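Here the structure comes first, spelled out in structure tokens, and everything after it is commentary.
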Amino acid sequence: LKFRLAGYPRKHNEGRVEVFYNDEWGTICDDDFTLANAHVLCRHLGFVAATGWAHSAKYGKGVGRIWLDNVNCAGGEKSIADCKHRGWGNSDCSHEEDAGVICKDERIPGFKDSNVIEVRKLLARLGSRCCAGSRRASCQELCHGAALPQGSPAWPRSSKIAGWPSTPPLPVGRAGPVSGLLSPYRLFTERQQLNYRLHSVSCTGTEVHLSMCTFEFYRGNSSAACGAGMPAVVSCVPGPLFAAGNAHKKKQRQQQQQGQPRIRLKGGAKIGEGRVEVLKSSEWGTICDDRWNLLSASVVCRELGFGSAKEALTGARMGQGTGPIHINEVQCLGTEKSLWSCPFKNITQEDCKHTEDAAVRCNIPYMGYENLIRLSGGRSRFEGRVEVAVGTGDGDQPRWGLVCGEGWGTLEAMVACRQLGLGFANHGLQETWYWDASNVTEMVLSGVKCAGHEMSLSHCQHHGSSLNCRNTGTRFAAGVICSETASDLLLHAPLVQETAYIEDRPLHMLYCAAEENCLSSSARLANWPYGHRRLLRFSSQIHNNGRADFRPKAGRHSWVWHECH
């Protein structure tokens, strides 16, 4: 059984409950519905518990079958199928009685985030076996939607196949063009048996998923279907953002020159995810999550050069922003070129707090960068000595080697953790003698210098094939410790301004400050302990707006106790 939350308007932890049974999505009737039922369903969806439930199609009427009616759970069941009910598909309800749930906004530890419309199982089974009589825009959905199991390439541009009519050209600057379709005849002859399930797929090109296009199922003997057609095949290539390293910077420069409102993602560990921030009146601010959904999130993703949105996140799931909350209740149709073309409300101070900042996870092309890097020797998969693959061109077997630890720091570790898909960097280590558990001993990369935004270590500056490393022993190989979440420290700047004052302080009261280098260098020339220093004094407050506790970078074993404290 698969479950999802649907409907509108809603937040990520609430919605109409839909269940995938017998190859078809359907709803649950609200007759005899209880909070115990909601508990079981919320656990299916990855939340720890339910806080409430909704009746009478509060989140809108569903479509298709009403799979369950008169459901009666005790609350401890592992599956809704273990609860008492009238039987699958046996219901006397209409969709005006569709049940919904409100789940506690706390995830089950280790549960994979899956609150997206699930079409992977369907498409994994279909492969490319849509009948080629479907319309051409359907290729676009296969390439930029959430359907492809390995991460989807993004926005398509052109394709050709007999029986797939062309569609109007899409706006320039969208991510991921589709280069064209592979020959279906070769694939047709290579496959023993083709079982077609879909035909007459018709998309406009702006749908979030292929499942949102119109299509028809083949019923009965699917092996005899699509007699006049061939299997539909797509070929996806990365968009300009991924094909050329400078494309994003060039696009940003163009936007600045043209004076367009700008948009960015912050707080995400991976490319294509983060809290949505917009520039308005020369000030960056966030978006309130009221009515935030996949359609609006997809407009943001495409505007930034990615594919459609995989998830529209609410409740500051990518950390809380700072500054103003610029807009609220964004209601995009999904066809807009920019978020600023969508209807929205200007915010008032009482409407929203930063605990309601909206965020997105976008679909990005599958580039395979994670296959060119690995960690060895660590206590968990999140830490270890960095090993990179070289010589992977022309079908060669990759040769694995180490990275010189000289100059290796946090920025380089950030790129390595991103390439590994392991989140943020906690530490970048220049010595890894304690992780000496691999038979890889050759140093193959040196002089690595990253800006921090790169997708792969190969995109950073490095010495290339001419290795230049003072210490080539394995103990001096670079290592990383990665983390799925990170702290985000923010100084309370207004407090500094409000409390600042000038004080003349006697030197005999400043010995500790001098020992800890808190005074300017000219203090060394003063006539200690006589005279005074003129100091700028202020109070400070530092807030952690991130998603992890802040801990000192140095371990407790290296702390030094000082008489000044």
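The backbone N, Cα and C atoms fix where each Cβ goes, and this holds for glycine too.
Positions annotated as domain 'SRCR' by TrEMBL: 3-104 (among others).
Neighbour count (other Cβ atoms within 10 Å of the Cβ, all protein chains): 24 for Cys29 (disulfide bond). The disulfide bond annotation in TrEMBL covers Cys29-Cys93 (among others).
Spatially close to Cys42 (disulfide bond) yet at least six residues away along the chain are Val48, Ala49, Ala50, Val101, Cys103, Lys104, judged by Cβ distances under 8 angstroms. If you look up TrEMBL, you'll see Cys42-Cys103 (among others) marked as disulfide bond.
Spatially close to Cys83 (disulfide bond) yet at least six residues away along the chain are Asn37, Val40, Val71, Asn72, Cys73, Ala74, Glu77, judged by Cβ distances under 8 angstroms. The feature disulfide bond is assigned by TrEMBL to Cys73-Cys83 (among others).
Marked as domain 'SRCR' by TrEMBL: 263-363 (among others). Confidence annotation: the domain 'SRCR' (263-363) carries a mean pLDDT of 89 in the model.
Within its own chain, Cys352 (disulfide bond) has Cys288, Asp289, Asp290, Ile325, Asn328 as residues 6 or more apart in sequence whose C-beta sits under 8 angstroms from its own. Residues or ranges marked as disulfide bond by TrEMBL: Cys288-Cys352 (among others).
The Cβ neighbour count for Cys362 (disulfide bond), using a 10 Å radius and every protein chain shown, is 29. Residues or ranges marked as disulfide bond by TrEMBL: Cys301-Cys362 (among others).
Annotation comment: TrEMBL describes Cys332-Cys342 (among others) as disulfide bond. Counting only same-chain residues six or more apart in sequence, the Cβ atoms lying under 8 angstroms from the Cβ of Cys342 (disulfide bond) belong to Ser296, Val299, Val330, Gln331, Cys332, Leu333, Glu336.
Taken residue by residue, the domain 'SRCR' (373-483) breaks down under DSSP into 23 helix, 36 strand, 52 coil. Annotation source TrEMBL lists domain 'SRCR' at 373-483 (among others).
Residue environment of Cys450 (disulfide bond) contains 23 other Cβ atoms, counted within 10 Å of its Cβ in all protein chains. For Cys450-Cys460 (among others), the entry in TrEMBL reads disulfide bond.
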Alpha-carbon distance [Cys362 (disulfide bond); Cys93 (disulfide bond)] in Å: 37
Rounded Cα-Cα span from Cys450 (disulfide bond) to Cys29 (disulfide bond), Å: 55
Cβ-based isolation winner (fewest other Cβ atoms within 10 Å) among the disulfide-bonded residues Cys301, Cys332: Cys332
Greatest C-beta neighbour count within 10 angstroms, which of the disulfide-bonded residues Cys93, Cys288: Cys288
The domain 'SRCR' (3-104), counted residue by residue under DSSP: helix, strand, coil: 16 helix, 35 strand, 51 coil
